[in-house]
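Over in TrEMBL, the protein carries these features:
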- 224-251: coiled coil (COILED)
- 6-21: transmembrane segment (TRANSMEM)
- 33-52: transmembrane segment (TRANSMEM)
- 103-126: transmembrane segment (TRANSMEM)
- 146-165: transmembrane segment (TRANSMEM)
- 177-201: transmembrane segment (TRANSMEM)
- 378-396: transmembrane segment (TRANSMEM)
- 425-446: transmembrane segment (TRANSMEM)
- 466-489: transmembrane segment (TRANSMEM)
Amino acid sequence: MSGAALGLEIVFVFFLALFLLHRYGDFKKQHRLVIIATLLAWYLCFLIVFILPLDVSTTIYNRCKLAVNSSPAENNGSYVTLAPSKQKCFKPWSYIPDGIMPIFWRVVYWTSQFLTWILLPFMQSYARSGGFSITGKIKTALIENAIYYGTYLLIFGAFLIYVAVNPNFNLQWNQLQTIGIAAANTWGLFLLVLLLGYGLVEIPRSHWNGAKRGYLLMKTYFKAAKLMTEKADAEENLEDIMEEVRKVSESIKYNHPLRKCVDTILKKCPTEYQERMGRNMDDYEDFDERQNSYPSEKSLAKLHKQVIYSVQRHRRTQVQWQILLEQAFYLEDVAKNESSATRQFVHTFHSQEPENKIIQYFYTPTVEWYWECLLRPWFYRVLAVVLATFSVIVVWSECTFFSTKPVLSLFAVFIQLAEKTYNYIYIEMACFLTIFFLSICVYSTVFRIRVFNYYYLASHHQTDAYSLLFSGMLFCRLTPPLCLNFLGLTHMDATISHKNTQPTAYTSV
């Protein structure tokens, strides 16, 4: 099984990232480079979360092997003996051979850093640009990123000048690399505190409120009223933009040099607007070169950008409105069926999509009634209590992880108890559940937050390219400090435990 667990998790995480991306992105309409870049960012971040427990179990086995093979005289204090000197060390089923994990972590870490600081920001500007050529979009992206990173370079340059002038510092390349990693982790930890704090409270609370049918129905009504306003605003904005497109299309005739730009804009418009503009346009009328009312290419690029945004927003609100209506109707059906004497769930409106025959065979109206009207509220309450307990443990461990004598972090206590018996299955399960819960709290907040209408992850393939790339940037910036925080909570980081023990391969990066 040597290395087999690593290979299985690499394959599993890839399909997990692909499934989530398919749920939020649109493989048919969005650019392939956007899909590939976002998939790579999500994949690398999820991979770190799933592989880190294997790194922990392998490190514990290596510590045991070193303690058994080295006597205190031979050790010279290099490593602390974690087991009796002649105790046999059992190799874990998921043991990863020496030399693989350090290379693996370096490739994953530096690839994710390249994505989050260089490639994804450039692709964001490229995707948001309204240019009509690849060269124009690249130029716009370079200018925007030069302005953005100019501030960082100015601060970093001032720091380098200060270090070069100060005779007390002898800065080398390795030290610069360490400073860069520390700066990235500091920025990631700042985001981590905000997102993790929100997730630790919101996830148990949302599941507890999920057991309240009346609360869910009233919340759905409120969302419907809010979405109705947004939907009307999106329709009005689309009408205004289409009116501008119509005027531009009528003013710039077929033999005008900018007509190709107008045709590109028209292709991004909804089909009904394209047909309407096509009927009202006289293609055989020449343009008058003496007129000075023609828009410039820069203004057309701005209009192109507005068209892409307004069409995407209009389509997203339409889809979300239909989904929210179905959800409201279903919650109303649940409220009506609670007092059903036949104990069979009756739908007012049936779904237009064909149901799976296997699911329909097992999930009968009677089973649906027992689940929706009887079991589901209690299941959500129990799940909310379990999640709230996890949140309390995380908060306690975060506040006490620096204490090593006595060890107050509960996660460190669990790992150290399992380490004494070398129960690797328990160690990996405990590590996985811990980091998985932390990741759910952080990543779910990334999926929930909404920055006006520029960043918004919408399910059912309604997320635009800008938001997908931005989520990839956030994941790559949050995951490394999240994993370091996890290693600190479990005292697997030597800087926290203050033990001169062999570090994990991830910490060595």
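Backbone N, Cα and C atoms are what each Cβ position is placed from, and that goes for glycine too.
Here the transmembrane segment (466-489) has Cβ contacts under 8 Å with residues 21, 24-25, 30, 34-35, 37-38, 40-42, 44-45, 48-49, 52, 109, 112-113, 115-116, 120-121, 123-124, 127-128, 184-185, 187-189, 191-192, 195-196, 394, 397-398, 401, 409, 411-412, 431, 434-435, 438-439, 442-443, 446-447, 454-458, 495-496, 504, 506-507 of the same chain, all six or more residues outside its ends. Most Cβ pairs under 8 Å to the transmembrane segment (103-126), among the stretches 6-21, 33-52, 146-165, belong to 33-52. The list of residues near the transmembrane segment (6-21) in space but at least 6 beyond its ends in sequence, with Cβ under 8 angstroms from a Cβ of it, reads 35, 38-39, 42-43, 46-47, 50-51, 54, 94, 96, 100, 104, 468. Mean model confidence for the coiled coil (224-251) is a pLDDT of 92.
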